[in-house]
Amino acid sequence: MANNLSYRFFSKVVHNEAMRTDPPEIYGWRSTVIALSAGWGAMLFGMDSSMISGVVVLPQFLRRFGLDKANGAVALANLQANIVSTLQAGCFAGAIVAAPMADKLGRRVSLLIAGVIVLVGVILQFSAWGHLAPMYVGRFINGFGVGICSTVVPTYVSENVPRGIRGLLTGCYQWFIVTGGMIAFWTNYGADLHLPGDSAWIVPLAVQGIPACLLVGCIWYCNESPRWLAKQDRWEDAKRVLSHVRNLPPTHEYVEHEFSEMVRQLENEKLLMQGAGFKVLMKEMWTIPGNRKRALISITLMICQQMTGTNAINSYAPLMFRNMGIVGRSTGLFATGIYGIVKVVSCTIFLLFLADTLGRRRSLLWTSVGQCICMLFIGLFIRIKPPVRGVPTPPVGYVALACIYIFAAMFQFGWGPVCWIYCSEIPTARLRAINVSMAASTQWLFNFVVTRAVPTMLVTVGAHGFGTYIIFGTFAFTMFLFVWFFVPETKGLSLEAMDALFGVVPHGNASVESGMRSGSRDSLEKEAATQIETMNNKSSERN
């Protein structure tokens, strides 16, 4: 019964060929449970990065840690930035070690370890009790675990769930992030209203450990990735797990077919990777124009994602709302909570109904324009008609406030989930792991840079920090130009057609070359052209 309900739900919101031809049993509850269990690892980032935004402005926190004695607004902003951005530094380190860790220990074990690491960091934070050193250490350790999850969670989910709903369930990674942020915003608001003394900052910091506990508890009962088991030559275990996840007997035709595809792909990968070390792969990535283009696109997209300013708002929303004239600490926290709700609702709509309809390029283009307009309007409002304490907010001020919420929705329709999808699908199979790893590390590095710089910018870049919004708006405009000239559409193209799209034919291994000798470039280009033409024809028919 549960399987029937699950399939009926997915068949209504997901429309593709796989949903029409695959056995309904594979779209049962087991795949969904795996995705939701791993999703707690994604919630860690959303909650940890957003919770601190309300904590660092609480008078109880400022007094306990001596921040109220800081020598001026710039000194206070620097201390707040250090506390907040230490998490991103830990995330960067965790993302680097996550790939070899997941390959050696397994996806499931890596997530269990990451959950325990986060719990250690959370305990150090809420027990720091006025000492900045354990607060910094706790934030870094917390971030290290979050960084591991950021790499392993999408991999674990994609290797378990059926092909027809892989995009939807893998995209839940972004949904858990924004949900964690929303919960953090409202926890801060409730703590500020109802908790006395130091408990107003201790409780929110302790709540950060709840997703970590749920991650460990849920993943403990989940299976290991069948693909990872196969890579360890544990073929019987891999087939048993695949049969369990697909809710079909091992002898079923579908399980046999998917398992044979897994075996064939792994054998091809081993053949392709034979004798190729890290140095050889890096040389291939940066000396072949098509591979270099894909690597640079992946890195640039992740830089642009952070230069939208979205995580600056996540981490410092109360400060930004105060600069826009929102009076009262609790009122600012309430406005921040509404911001979190907008992100969750818009992300849900995008994942359920639009993720496979708009296309990658179109989503990035129109949301770049929207985010640019929102940020420029906010910056010009603060510059031309800055809020004055004690004076009612003018109508144009409420429009500026609405722009923050519109900005949040637009990010979830484009630069939030699409960057992760694009960077994981364009690399050639030989270089996919390295390419995605570089993209993820870049994301965390610039997340750290932006988070560290924003509080200082808000007190130094123009009156009330108006220049901060102008800078982010300008970056959004340049992002539009970058996508327009350098980012091709990939919606509907097979992974095999990506090489032709970027003008690369696999090479370097004699056996592989011999297998592709007969018109390899022509056939790949023809395949890509055919798929693109098919998509255009379907689009014309709909219009």
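Backbone N, Cα and C atoms are what each Cβ position is placed from, and that goes for glycine too.
Curation plays no part in TrEMBL annotations; they are all automatic predictions.
Annotation comment: TrEMBL describes 33-59 (among others) as transmembrane segment.
The annotation domain 'Major facilitator superfamily (MFS) profile' is assigned in TrEMBL to 34-491.
Residues or ranges marked as transmembrane segment by TrEMBL: 79-99 (among others).
Residues annotated as transmembrane segment in TrEMBL: 111-130 (among others).
Note on the transmembrane segment (136-156): residues 34, 38-39, 41-42, 44-45, 48, 52, 82-83, 86-99, 101-102, 107-108, 110-111, 113-118, 120-125, 128, 170, 173, 208, 212, 215, 225, 420, 424, 437, 440, 444 of its chain, located 6 or more positions outside it, place their CB under 8 angstroms from a CB of the stretch. What TrEMBL records for 136-156 (among others) is transmembrane segment.
If you look up TrEMBL, you'll see 168-189 (among others) marked as transmembrane segment. Long-range contacts of the transmembrane segment (168-189) within the same chain: residues 10, 13-14, 31-32, 35-36, 39-51, 53-55, 153-154, 157-158, 161, 203-204, 207-208, 211, 314, 317, 330, 333-334, 336-337, 339-341, 343-344, 347-348, 351-352, 355, 412, 416-417, 420-421, each at least 6 residues beyond the stretch ends and with a Cβ under 8 Å from a Cβ of the stretch.
Remote same-chain residues near the transmembrane segment (201-222) are listed as 33-34, 36-38, 40-41, 43-44, 47-48, 51, 54-55, 58, 60-61, 64, 108, 111-112, 114-116, 118-119, 122-123, 125-126, 142, 145, 149, 180, 184, 187-188, 191, 195 (criterion: CB distance under 8 Å, separation of at least six residues from the stretch ends). According to TrEMBL, the transmembrane segment annotation covers 201-222 (among others).
The transmembrane segment annotation in TrEMBL covers 295-313 (among others).
The annotation transmembrane segment is assigned in TrEMBL to 333-355 (among others). Long-range Cβ contacts of the transmembrane segment (333-355) within its own chain (Cβ-Cβ under 8 Å, at least 6 residues beyond either end) map to 13, 50, 53-54, 167-168, 171-172, 174-175, 178-179, 181-186, 188-189, 192, 313, 317-318, 321, 326, 363, 401, 404-405, 408-413, 416-417, 421.
Residues or ranges marked as transmembrane segment by TrEMBL: 364-384 (among others).
TrEMBL lists 396-423 (among others) with the feature transmembrane segment.
Per TrEMBL, the feature transmembrane segment maps to 444-463 (among others).
Within the chain, the transmembrane segment (469-487) has long-range Cβ neighbours (under 8 A, six or more residues past its boundaries) at 293, 297, 300-301, 304, 307-309, 312, 360-361, 364-365, 368-369, 371-376, 378-380, 382-383, 415, 422, 457, 461-462. Annotation comment: TrEMBL describes 469-487 (among others) as transmembrane segment.
Look at TrEMBL and you will find 513-543 tagged as region 'Disordered'.
Annotated compositional bias 'Basic and acidic residues' per TrEMBL: 519-528, in sequence order.
The feature compositional bias 'Polar residues' is assigned by TrEMBL to 531-543.
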Next item on the list: Report yes or no: does the transmembrane segment (295-313) come within contact of the transmembrane segment (396-423), defined as 3 or more CB pairs under 8 Å with a sequence separation of 6 or more?
Entry: yes
Checklist line | Cβ-Cβ under 8 Å with the transmembrane segment (79-99): same-chain residues at least 6 beyond its ends | finding: 45, 48-49, 52-53, 56, 67, 70, 110, 114, 121, 132, 135-136, 139-152, 315-316, 433, 437, 440-441, 443-445, 447-448, 451-456
Notebook entry, point to check: Can you name the far-off residues of the same chain, 6+ from the ends of the transmembrane segment (111-130), with a Cβ under 8 Å from a Cβ of it?
Noted result: 38, 40-41, 44, 48, 64-66, 90, 94, 101, 105, 137-146, 148-149, 152-153, 156, 198, 202, 205-206, 208-209, 212-213, 215-216, 219-220
Notebook entry, point to check: So what's the average pLDDT for the domain 'Major facilitator superfamily (MFS) profile' (34-491)?
Noted result: 83
